[in-house]
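Asker: Handing you this structure, nothing more for now.
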Amino acid sequence: MTSLHTLLFSSLLFFIVFPTFTFSSTLLFQSFNWESWKKEGGFYNSLHNSIDDIANAGITHLWLPPPSQSVAPEGYLPGKLYDLNSSKYGSEAELKSLIKALNQKGIKALADIVINHRTAERKDDKCGYCYFEGGTSDDRLDWDPSFVCRNDPKFPGTGNLDTGGDFDGAPDIDHLNPRVQKELSEWMNWLKTEIGFHGWRFDYVRGYASSITKLYVQNTSPDFAVGEKWDDMKYGGDGKLDYDQNEHRSGLKQWIEEAGGGVLTAFDFTTKGILQSAVKGELWRLKDSQGKPPGMIGIMPGNAVTFIDNHDTFRTWVFPSDKVLLGYVYILTHPGTPCIFYNHYIEWGLKESISKLVAIRNKNGIGSTSSVTIKAAEADLYLAMIDDKVIMKIGPKQDVGTLVPSNFALAYSGLDFAVWEKK
């Protein structure tokens, strides 16, 4: 009887701390940038200071950097996957402490899963560095050249042909190898059960077939998962982004469908690319030929994760810095699952503005599959109604005429933006 009472209490406590989230209420937060490993006192320890603010903003899932030993300090050249004590972000104990603190605030942690490639400990004359160690006392993840794709141009192993794109910084792992599938799945499940992660951010999913992502999702049952499928967009001869990016967003949709859908989402790079061009006086871009949002959120919003910048794009494909808040006005009032970037929320002083927008989103029940009616998409004005509950506009044009009905009241406004709620 005591055991039963304990079980019932534990179950009740779980649902109090972790209410049942659907994609409609999910809100992501990327907790790091490319320089976070340099944090004095350790990144994991430093993040404790921001947990209350992150929780108060309504964040449900927090994306953490790759946790394993890595040749590169940022974590994206992992080697001994079970070794979490050699990470530049902090120790295994510090990571577990951070995740526990997040859990106590009802926030679930996502691990950055880098499995397309892996760095090795020893080399031979043919394959180069192709002898791997897993970071345990046994032979888990201790691999040799037979676990490396045989058509890797820089590290020619003896495994199966690569099922995706090449990455020349480290050997491409053969994900068709049954032992690779088994041991990586076991490692990911260990990250869940022993470390406390609830889900995954899959790095560089272009590096292996979509069926491989599907397999790891099925084998690990994450609460939430998102893949990084970053393809080039189309540009015209003048160097400007083409208006029609349907092929680009269709590629994201196809990847989701082939990888199984469900809890799996994809970063909406289409929306990011279009939005950062649109805010430069080309807001007409934000309406496709069918009158819908032009990104992935226009065709598969329930599996789209919208964002303004991340640790990579912030260095190489950055959103116009003076228009970042306009970007958040857009993604936090539109369908899809928004992801807030550490730099903008913590370092740029946008905490209050972003929190206000999140509050409006949550108050009105705007979610990943909310409806959008675009009422204006001109060079200097974009105005849309979401779920017949919220109207938003971005752009310098002030006169919106009769586009905002009298039964809507201004909820929040600033330079070149406004948000109204239904009375």
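Cβ coordinates are placed from backbone N, Cα and C, and glycine is handled just like the others.
From Swiss-Prot, here are the annotated features:
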{"type": "SIGNAL", "residues": "1-24", "note": "signal peptide"}
{"type": "BINDING", "residues": "76-77, 201-206, TRP230, LYS292, HIS311, LYS393, 398-400, TRP420", "note": "substrate binding site"}
{"type": "BINDING", "residues": "ASN116, ASP162, ASP172, GLY207", "note": "Ca(2+) 1 binding site"}
{"type": "BINDING", "residues": "GLU133, THR136, ASP138, ASP142", "note": "Ca(2+) 2 binding site"}
{"type": "BINDING", "residues": "ASP152, ASP166, PHE167, ALA170, ASP172", "note": "Ca(2+) 3 binding site"}
{"type": "ACT_SITE", "residues": "ASP203", "note": "active site, nucleophile"}
{"type": "ACT_SITE", "residues": "GLU228", "note": "active site, proton donor"}
{"type": "SITE", "residues": "ASP312", "note": "site 'Transition state stabilizer'"}
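A description of the local structural setting of each listed feature is requested, covering burial, neighbours and distances.
Answerer: Secondary structure from DSSP puts VAL205 (substrate binding site) in a helix. Other C-beta atoms found within 10 angstroms of the C-beta of VAL205 (substrate binding site) number 25, with every protein chain shown included.
ASP162 (Ca(2+) 1 binding site) carries neither a helix nor a strand DSSP state and counts as coil. For ASP162 (Ca(2+) 1 binding site), the same-chain residues 6+ apart in sequence whose C-beta sits under 8 angstroms from its C-beta are CYS149, ASN151, ASP152, ASP172, ASP174, GLY207, TYR208.
Reduced to three states, the DSSP call for GLU133 (Ca(2+) 2 binding site) is coil. Within 10 Å of the C-beta of GLU133 (Ca(2+) 2 binding site) there are 19 other C-beta atoms, taking all protein chains into account.
In the three-state DSSP classification, ASP172 (Ca(2+) 1 binding site) falls within a strand.
In this view, GLU228 (active site, proton donor) is surrounded by 18 other Cβ atoms within 10 Å of its Cβ, with every protein chain counted.
Residue environment of ASP312 (site 'Transition state stabilizer') contains 14 other Cβ atoms, counted within 10 Å of its Cβ in all protein chains.
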Asker: Out of ALA170, VAL400, which of these binding-site residues shows the lowest number of other CB atoms within 10 Å of its CB?
Answerer: VAL400
Asker: Can you list the residues of the same chain, besides GLU133, THR136, ASP138, ASP142, whose Cβ falls within 8 Å of the Ca(2+) 2 site's Cβ centroid?
Answerer: TYR82, GLY134, GLY135, SER137, ASP139, ARG140, LEU141
Asker: Tell me the Cβ neighbour count for GLY207 (Ca(2+) 1 binding site), meaning other Cβ atoms within 10 Å of its Cβ, over all protein chains shown.
Answerer: 23
Asker: Show, in sequence order, which residues other than ASP152, ASP166, PHE167, ALA170, ASP172 on the same chain lie with their Cβ within 8 Å of the centre of the Cβ atoms of the Ca(2+) 3 site.
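Answerer: Once ASP152, ASP166, PHE167, ALA170, ASP172 are set aside, the remaining close residues are ASN116, HIS117, CYS149, PRO153, LYS154, PHE155, ASP162, ASP168, GLY169, PRO171, GLY207.
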Asker: In the same chain, outside ASN116, ASP162, ASP172, GLY207, whose C-beta lies within 8 angstroms of the Cβ mean position for the Ca(2+) 1 site?
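Answerer: Leaving out the recorded residues gives HIS117, CYS149, ASP152, THR163, GLY164, GLY165, ASP166, PHE167, ILE173, HIS175, TYR204, TYR208.
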